[in-house]
There are 2 protein chains.
Amino acid sequence: MKKHNFSAGPSILSEYTIKNTAEAVINFANTGLSLLEVSHRGKEFVAVMDEAQALVKELLDVPEGYHVLYLGGGASLQFCMAPFNLLRTKAGYLDTGTWAANAIKEAKIFGEVEVLASSKEANYTYYPKGYTVPEDLDYFHITTNNTIYGTELRTDPDVKVPLVADMSSDIFSRPVDVSKYDLIYAGAQKNLGPAGATLVIVKESALGHVDRVIPTMLDYRTHVKKGSMFNTPPVLPVFSALQTLRYYKEMGGVKEMEKRDVAKAKLLYDAIDASKMFVGTVTDPDSRSIMNVTFVMTPEYKELEKDFVDFCAARGIVGIKGHRSVGGFRASLYNALPIESVQALVDAMNDFEKAH
Amino acid sequence: MKKHNFSAGPSILSEYTIKNTAEAVINFANTGLSLLEVSHRGKEFVAVMDEAQALVKELLDVPEGYHVLYLGGGASLQFCMAPFNLLRTKAGYLDTGTWAANAIKEAKIFGEVEVLASSKEANYTYYPKGYTVPEDLDYFHITTNNTIYGTELRTDPDVKVPLVADMSSDIFSRPVDVSKYDLIYAGAQKNLGPAGATLVIVKESALGHVDRVIPTMLDYRTHVKKGSMFNTPPVLPVFSALQTLRYYKEMGGVKEMEKRDVAKAKLLYDAIDASKMFVGTVTDPDSRSIMNVTFVMTPEYKELEKDFVDFCAARGIVGIKGHRSVGGFRASLYNALPIESVQALVDAMNDFEKAH
């Protein structure tokens, strides 16, 4: 049975990515060697790295003066790398969820942190609006999509200070005005590739302004200077990411991805809103994420939540159990998920509701 | 044509590792999903991580009180993580090559560094002996194998201070007395798996003695507490590492690996020593690495070096070009390399020498 994979991350990847990766593990670029055992300095992998950087620039229309890097360590390592490299005195953060809070915690090691807005008191059920960004900040940090809570900011804020964004769970789901950002980072394992690589887009002129000594591996300039090949990069995750980027280009780019993602999300949100059994957890409709749709059962049906997960599993629908801090369900609709899978989930919801 | 892969790293892996990884990229543990797209919190991957930790403990006979971690970022990130976590006042380092020198550079950010011995003046052509390790050091750091220069320390030093070792390029090539070490780290991409994971073996009692604030991701305690699952680990590299560990166990463990590695190295060193055309670069026979054999052509044949690389390539022998700082040739004989490949190289050397 074909699975409908709604996992929050690591998560569904395109068939193209999976097939090409499996083939390369056997024979990479006709070298007669596995992708797992080739030198990262060989011309075949250098070509992979070059194209994986170039395609990010092309798909996101990255302006001159920016560098694209693939680093190890996950987005969680960026929580400290960003302030290590950019925080002189004070930074502003939005507290929009667990990952944002983790980023705030790390930044406090390096300087003063002003939390400009937070939805924590409401268990992060909306994306804050109407806050003011002081002009004396070294940077303003946002988490554009909050995987756990199903909230998202789908616009690029206009601020007068450098903007830093964790786009781990919604990058490539819409065109982004990169020129508004000094730094964008994203763990690969949602819309890009398998776990093990973190995409970084950094503005060269943003670097070199802090006084502290930065350990070599944590200094973005190290990786910029060496084209992301200072040390052995995560070879396979970068290769797989390249396959996804090629697939996006072939499909029509991020505008087309956005169109599909919006349609998928609408299908599911409409079903939730029409249901008497299921209810969305995000309180502000504007805050609803098109990547992660979080919903629960209404109090009278609450005890059926586990049954519904099993009901879905029997239909090949997996990965819909909600994060423990929200409960209920979370359906992640990342780029690679076909609308047919969303329809399968909606059908399951309708059938389950009718049966009870 | 079957390739003989002498690459220095990323480097040859067992057929077992490659085949099982390729299969898991298509269908992981009968989930019907790719290894690239499953949750790291799912029971199937949790089992992988657990076994990958347990097998390291079993194969290296790791005593109680130690933890096995798989981190991202490469051994280069450990160059700063080690002193971040362990350096209070002063550490001692051996300067045995480029990577050791890189480790020293990072440690200097965190405290005083005493270089107890160095072979730099001799272009690292031997592994230093006869140095004294002061008893007031927070730790003593060694690089057990120097990939670029073909030198290696195949014993566990007896010292009265905590011992830290970068074993990136020779771990699992011999039994190690782990009890002598507070910290061992190793980039996976030689004797363990594909690039993207770094193996860390750390003694719990070594942690928590520095005053500085350590960023969460750089604090070994973070990863110890969460069983190496604080954030999304490099899923595929860990899976592949597990396959290699299973293969080692099946083959008879690290003692058997050592026997094979010693035999392979002897075959090649004997050929070099018997040749009038080729000469080893390591000046002290005791320092010769059994993992990376570095050699050049004698001055009268020097101009034929490029021809020999081409001569080998025509026979499917790849990855033998030496690092630019040594020149000539480097044949890496990691665990997964069969002795037949070494014989093929020796045959090529003999045939080439006869032809000239």
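Glycine is treated like the rest: Cβ placed from N, Cα and C.
Feature list (source: TrEMBL):
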DOMAIN    A:5-345  domain 'Aminotransferase class V'
BINDING   A:Arg41  L-glutamate binding site
BINDING   A:Ala75, A:Ser76, A:Trp99, A:Thr147, A:Asp166, A:Gln189, A:Asn231, A:Thr232  pyridoxal 5'-phosphate binding site
MOD_RES   A:Lys190  N6-(pyridoxal phosphate)lysine
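Mapped onto this structure are the features recorded in TrEMBL.
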residue: A:Arg41; record: L-glutamate binding site; DSSP class: coil
residue: A:Ala75; record: pyridoxal 5'-phosphate binding site; DSSP class: helix
residue: A:Trp99; record: pyridoxal 5'-phosphate binding site; DSSP class: helix
residue: A:Thr147; record: pyridoxal 5'-phosphate binding site; DSSP class: coil
residue: A:Asp166; record: pyridoxal 5'-phosphate binding site; DSSP class: strand
residue: A:Gln189; record: pyridoxal 5'-phosphate binding site; DSSP class: coil
residue: A:Asn231; record: pyridoxal 5'-phosphate binding site; DSSP class: coil
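Proximity to chain B (CB-CB distance below 8 Å) holds for A:Ser76, A:Gln189, A:Asn231, A:Thr232 among the binding-site residues A:Arg41, A:Ser76, A:Thr147, A:Gln189, A:Asn231, A:Thr232. Across the structure, A:Ser76 (pyridoxal 5'-phosphate binding site) and A:Arg41 (L-glutamate binding site) place their CA atoms 27 angstrom apart. A:Arg41 (L-glutamate binding site) sits 25 Å from A:Gln189 (pyridoxal 5'-phosphate binding site), taking the C-alpha atoms as the reference points. Recorded residues A:Lys190 (N6-(pyridoxal phosphate)lysine) and A:Thr232 (pyridoxal 5'-phosphate binding site) have their alpha carbons 23 Å apart, per Cα-Cα distance. The record assigns A:Ala75, A:Ser76, A:Trp99, A:Thr147, A:Asp166, A:Gln189, A:Asn231, A:Thr232 to the pyridoxal 5'-phosphate binding site, and the maximum Cα to Cα distance across that set is 31 Å.
Sorting the binding-site residues A:Ser76, A:Gln189, A:Asn231, A:Thr232 by the number of other Cβ atoms within 10 Å puts A:Gln189 first. Over all protein chains present, the Cβ of A:Ala75 (pyridoxal 5'-phosphate binding site) has 28 other Cβ atoms lying within 10 Å. A C-beta separation below 8 Å, combined with a sequence spacing of at least six in one chain, links A:Thr147 (pyridoxal 5'-phosphate binding site) to A:Ala8, A:Gly9, A:Gly97, A:Trp99, A:Ser168, A:Ser169, A:Lys190, A:Met291, A:Asn292, A:His323, A:Arg330, A:Ser332. Highest local Cβ density among the recorded positions A:Arg41, A:Lys190 belongs to A:Lys190, counted as other Cβ atoms within 10 Å over all protein chains shown. Local packing around the Cβ, expressed as the count of other Cβ atoms within 10 angstroms, is greatest for A:Asp166 among the binding-site residues A:Trp99, A:Asp166.
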